[in-house]
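Only one structure is covered here, and it is reproduced in the block below.
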Amino acid sequence: MQEGGLPRAKKRFGQNFLVQPQIVERIVAAIRPASGDHLVEIGPGPGALTKSLLRLLPQFTVVELDRDMIAGLRALAPPEQLRVLQADALEVDFAALAGAGNALRIVGNLPYNVATPLIFHILEHAEQVRDMHFMLQKEVVDRVVAMPGSKAYGRLSVMIQAYCAVESLFTVAPGNFFPVPKVDSAFMRLIPHRPGLLPPHLQAPFARIVATSFAQRRKTLANNLRGILSADDLRGLQIDPGSRAETLDQAAFFRLAEATVEQGNRS
């Protein structure tokens with residue numbers, strides 16, 4: 001144990017424990033948990049948020065990778081109220097976790113090193129997720145919510161916004177965590193689109209065209225997409241071949257993905 005009775009944070013898990021009760025209250029107010037919610041908390045650590053949720057929910061699930069946290073979490077409530085899974089959230093089958101019940105509400109203070117892959121892992125089951133509320137590095141949140149033409153706008157913005165409505169709710173200073181991180185954090189909300197914007201057959205082509213378009217940010221689309229779509233193809237899609245990926249909106253990337261599928265069908 002370290003000061004304040006907190007378990008020792010482990011660098012390999014990217015642990016920074018939230019220690020400010022007022023921030024916990026803001027998180028709970030943003031989530032607005034209600035009886036009947038199928039809520040999953042990822043990375044509860046010593047349980048600062050978990051304890052507040054237990055006062056409001058008759059039952060929910062936490063997923064914690066660190067074995068040393070498990071006994072403390074299980075001591076917070078009986079198993080019929082708090083289901084504790086010792087697991088890597090990147091390997092959790094969220095579709096199976098949802099089962100035939102209500103869509104999942106997922107919340108967590110995510111380690112910076114796994115936040116992005118974890119969000120994409122959860123989005124593989126977006127149809128079984130009602131919403132997500134995450135504490136992330138502020139720089140990552142800024143990139144997720146960025147709009148075309150801004151410096152922060154990039155592959156991450158386009159990909160996540162294709163699946164979710166996104167909103168940055170509030171910024172959290174480093175001093176609200178222990179150990180104190182070197183950067184600001186931000187709390188954000190992601191709500192999967194209903195119905196989804198991307199049909200299944202377009203999801204892989206969309207991911208490929210977005211990755212290729214942003215592969216070299218300083219290059220034009222005509223250069224980045226050479227061998228995939230010609231300058232004339234781009235003009236036919238009402239896209240300037242001389243523009244850069246960070247100027248394109250979501251609809252333009254949808255058109256690019258559809259064009260690559262049509263091209264593949266013709267060849």
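Glycine is treated like the rest: Cβ placed from N, Cα and C.
If you look up Swiss-Prot, you'll see Asn16, Leu18, Gly43, Glu64, Asp88, Asn109 marked as S-adenosyl-L-methionine binding site. Following the DSSP three-state reduction, the secondary structure of Glu64 (S-adenosyl-L-methionine binding site) is strand.
When the neighbouring Cβ atoms lying within 10 Å are counted for each of the binding-site residues (Asn16, Asn109), the highest count belongs to Asn109. Every protein chain shown contributes to the tally, and the Cβ of Asp88 (S-adenosyl-L-methionine binding site) ends up with 12 other Cβ atoms within 10 Å. Contacts of Gly43 (S-adenosyl-L-methionine binding site) defined by a Cβ separation under 8 A and a same-chain sequence distance of 6+ are given as Val63, Glu64, Leu65, Ala89, Gly108, Asn109, Leu110, Pro111, in order along the sequence.
The Cβ of Leu18 (S-adenosyl-L-methionine binding site) has Val24, Gly45, Ala48, Leu49, Asn109, Met135, Asn176, Phe177 as same-chain neighbours under 8 Å, each 6 or more residues away in sequence.
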